[in-house]
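Enquirer: Per TrEMBL, the features are:
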TRANSMEM  6-33  transmembrane segment
DOMAIN    24-293  domain 'G-protein coupled receptors family 1 profile'
TRANSMEM  45-68  transmembrane segment
TRANSMEM  80-111  transmembrane segment
TRANSMEM  123-142  transmembrane segment
TRANSMEM  162-192  transmembrane segment
TRANSMEM  230-251  transmembrane segment
TRANSMEM  263-284  transmembrane segment
Amino acid sequence: MLSDQFFIVNYSLAIVFSIVGLSLCLLTIVITITHRQCHNFTNVLSCNTCTAVTLYFIFRILTCIYGLRQDWQFHQPACIFRAYCSLALCAALCYSYSIQATSRLFFAVFYKHKYLLTWRTHWIMIIVNWIISFIISIQPFFYQHGFELEIESRSCVVTPKIVSISMYTLVIIFIIPLIVVTIFGGIIVYYVRQSSRRIAAVVSNVAENASTVQVSKRYGKRELKLLKNLMIQSSIISCGGILYLILVVWYATQQQSPPESLYLLALNSITVFTTLMTIVLFLLNKTIRKITLKYLFRLC
């Protein structure tokens, strides 16, 4: 049986990380809404990610508060609902990177199809992202104790003890979005490099078209930079599921139960890496970072 001190330390850290991530996400959303220069597809899709993260952190803080209570085993309001929403928000977060990769694919590869480069298309992708996330998170309801109060972590979660559910969660929520980002990223890198080479070959002997090559190179570098930022963030959030993966593999391959501490550490790992992702998202967005620093300098 784990000591109360273990839960106090871990839940306290989870609350701190959640508050940091929550603050950065809200800051990103507010700046994007209130500053016209931030009104572009990249920032709007980032705000979609931040919305999912914000809601996830709110539910995570509630979980921590209830887990710290002495009567945690008897006082867990809306336990199943919170477990379902937390899973759906994790899905919305991970799949938000898939639609960011899809957006970059539209601009880098399918730019001739102008209807793909419109606000309407991007808003549809955002809506579909949320609908799919809540639909795919329903599956544990079809299993007895699919969502439950996990005694080992004092949290309402989708249970890792039923291998079919845990494997479904791992593959659908974490692995598939990462695969989508990786595949689309590979297509974009290949296309941008091939496109730059073709243009350079066509106009290499025509001096007056040298500017065309420069424009193409700048555009290609911009797409690759945005893709690099996207890959960094999606990789960070994927790392948050490593301990959960270990937990799932343990139940699938071992007869004995895993260490009790692993349950809460797996949940906190997702929280910590999600916060790291929000920090990276904020730092890599030059426009929002500059606006924030400008306001900070004014306050100082």
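The chain as shown is numbered from 1 upward.
Backbone N, Cα and C atoms are what each Cβ position is placed from, and that goes for glycine too.
Curation does not apply to TrEMBL; its annotations are automatic.
Each of these features: where is it, how hidden is it, and who are its neighbours?
Expert: Nonlocal intrachain contacts for the transmembrane segment (6-33), taken as residues 6+ away from its ends with a CB within less than 8 angstroms of a stretch CB, comprise 39, 43-44, 46-47, 50-51, 53-54, 57-58, 60-61, 64-65, 67-68, 154, 261, 264-265, 267-268, 271-272, 274-275, 278-279, 281-282, 285, 288, 291-292.
Looking only at the domain 'G-protein coupled receptors family 1 profile' (24-293), the predicted model's pLDDT averages out at 87.
If one looks beyond the transmembrane segment (80-111) by at least 6 residues along the same chain, the residues whose Cβ comes under 8 Å of a Cβ in the stretch are 41-42, 45-46, 48-49, 52-53, 55-56, 59-60, 62-63, 117, 121-122, 125-126, 128-130, 132-134, 136-138, 140-141, 147-148, 156-158, 169, 172-174, 177-178, 180-181, 184-185, 187-188, 191-192, 223, 226-227, 230, 233-234, 237-238, 270, 274.
Residues 44-45, 48, 52, 84, 87-89, 91-92, 95-96, 98-99, 102-103, 158-159, 165, 168-169, 172-173 of the same chain, all 6+ positions outside the transmembrane segment (123-142), place their C-beta atoms under 8 angstroms from a C-beta of that stretch.
Through the fold, the transmembrane segment (230-251) approaches residues 93-94, 97, 100-101, 104, 160-161, 163, 166-167, 170, 173-174, 177-178, 181-182, 185, 258, 262-263, 265-266, 269-274, 276-277, 280-281, 284 of its own chain, all at least 6 residues removed from its boundaries and within a Cβ separation under 8 Å.
Sequence-distant contacts of the transmembrane segment (263-284), counting only residues of its own chain at least 6 positions beyond either end whose CB sits under 8 Å from a CB of the stretch, comprise 2, 6-7, 10, 13-14, 17-18, 20-21, 24-25, 27-28, 46, 49-50, 53, 56-57, 60, 90, 93, 150, 152-155, 157, 160, 229, 232-233, 236-237, 239-244, 246-247, 292.
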Enquirer: What same-chain residues lie close to the transmembrane segment (162-192): Cβ under 8 Å, and 6 or more beyond its ends?
Expert: 87, 90-91, 94-95, 97-98, 100-102, 104-105, 108-109, 136, 139-140, 143, 145-146, 220, 223-224, 227, 230-231, 234-235, 238, 241, 244-245, 247-248, 251-252
